[in-house]
Amino acid sequence: DRDSCVDKSRCGKYGYYGQCDECCKKAGDRAGTCVYYKCKCNP
(Lines of atoms letter the chains of each structure in order from A and count residues from 1; the text may use other names and numbers.)
(Lines give C-alpha, C1' and ligand atoms only; values in the text may rest on other atoms or scores of the structure.)
Protein backbone atom coordinates (compact mmCIF):
# COMPACT_ATOMS: atom_id res chain seq x y z
CA ASP A 1 0.00 0.00 0.00
CA ARG A 2 0.95 3.63 -0.06
CA ASP A 3 2.65 3.64 3.35
CA SER A 4 4.89 0.71 2.45
CA CYS A 5 5.97 2.56 -0.71
CA VAL A 6 7.12 5.49 1.38
CA ASP A 7 8.83 3.26 3.95
CA LYS A 8 10.73 1.25 1.36
CA SER A 9 11.64 4.03 -1.04
CA ARG A 10 15.23 5.15 -1.37
CA CYS A 11 15.64 7.76 -4.02
CA GLY A 12 17.07 11.16 -4.81
CA LYS A 13 15.94 14.31 -3.07
CA TYR A 14 13.85 15.29 -6.07
CA GLY A 15 12.65 13.65 -9.23
CA TYR A 16 11.11 10.64 -10.85
CA TYR A 17 11.73 7.16 -9.47
CA GLY A 18 10.65 4.03 -11.32
CA GLN A 19 10.23 1.72 -8.33
CA CYS A 20 8.12 4.38 -6.67
CA ASP A 21 5.84 4.35 -9.68
CA GLU A 22 5.47 0.57 -9.64
CA CYS A 23 4.66 0.49 -5.94
CA CYS A 24 2.24 3.40 -6.16
CA LYS A 25 0.43 1.85 -9.11
CA LYS A 26 -0.06 -1.35 -7.12
CA ALA A 27 -1.52 0.79 -4.34
CA GLY A 28 -4.01 2.15 -6.88
CA ASP A 29 -2.36 5.47 -7.59
CA ARG A 30 -1.30 6.97 -10.88
CA ALA A 31 2.41 7.52 -10.33
CA GLY A 32 5.14 8.23 -7.81
CA THR A 33 7.74 10.93 -7.39
CA CYS A 34 10.55 11.62 -4.95
CA VAL A 35 10.41 14.40 -2.40
CA TYR A 36 13.25 14.71 0.10
CA TYR A 37 14.38 11.09 -0.34
CA LYS A 38 10.87 9.75 0.20
CA CYS A 39 8.39 8.34 -2.24
CA LYS A 40 5.17 10.29 -2.69
CA CYS A 41 2.25 8.65 -4.46
CA ASN A 42 0.02 10.75 -6.70
CA PRO A 43 -3.62 9.65 -6.82
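Glycine too: its Cβ is placed from the backbone N, Cα and C atoms.
When Cβ atoms from all protein chains are considered, those within 10 Å of Cys23 (disulfide bond) total 21, not counting its own. The disulfide bond annotation in Swiss-Prot covers Cys5-Cys23 (among others).
The feature disulfide bond is assigned by Swiss-Prot to Cys11-Cys34 (among others).
Residues annotated as disulfide bond in Swiss-Prot, with similarity to another entry given as evidence: Cys20-Cys39 (among others). Cys39 (disulfide bond) has a Cβ environment of 23 other Cβ atoms inside 10 Å.
Sequence-distant neighbours of Cys41 (disulfide bond): residues of the same chain at least 6 apart with a C-beta under 8 Å from its C-beta are Arg2, Cys5, Val6, Cys20, Cys23, Cys24, Ala27, Asp29, Ala31, Gly32. The disulfide bond annotation in Swiss-Prot covers Cys24-Cys41 (among others) and rests on similarity to another entry.
There are 23 other CB atoms within 10 A of the CB of Cys5 (disulfide bond), with all protein chains counted.
Residue environment of Cys34 (disulfide bond) contains 18 other Cβ atoms, counted within 10 Å of its Cβ in all protein chains. Cβ neighbour counts within 10 Å, taken over all protein chains shown, single out Cys20 as the most crowded of the disulfide-bonded residues Cys11, Cys20.
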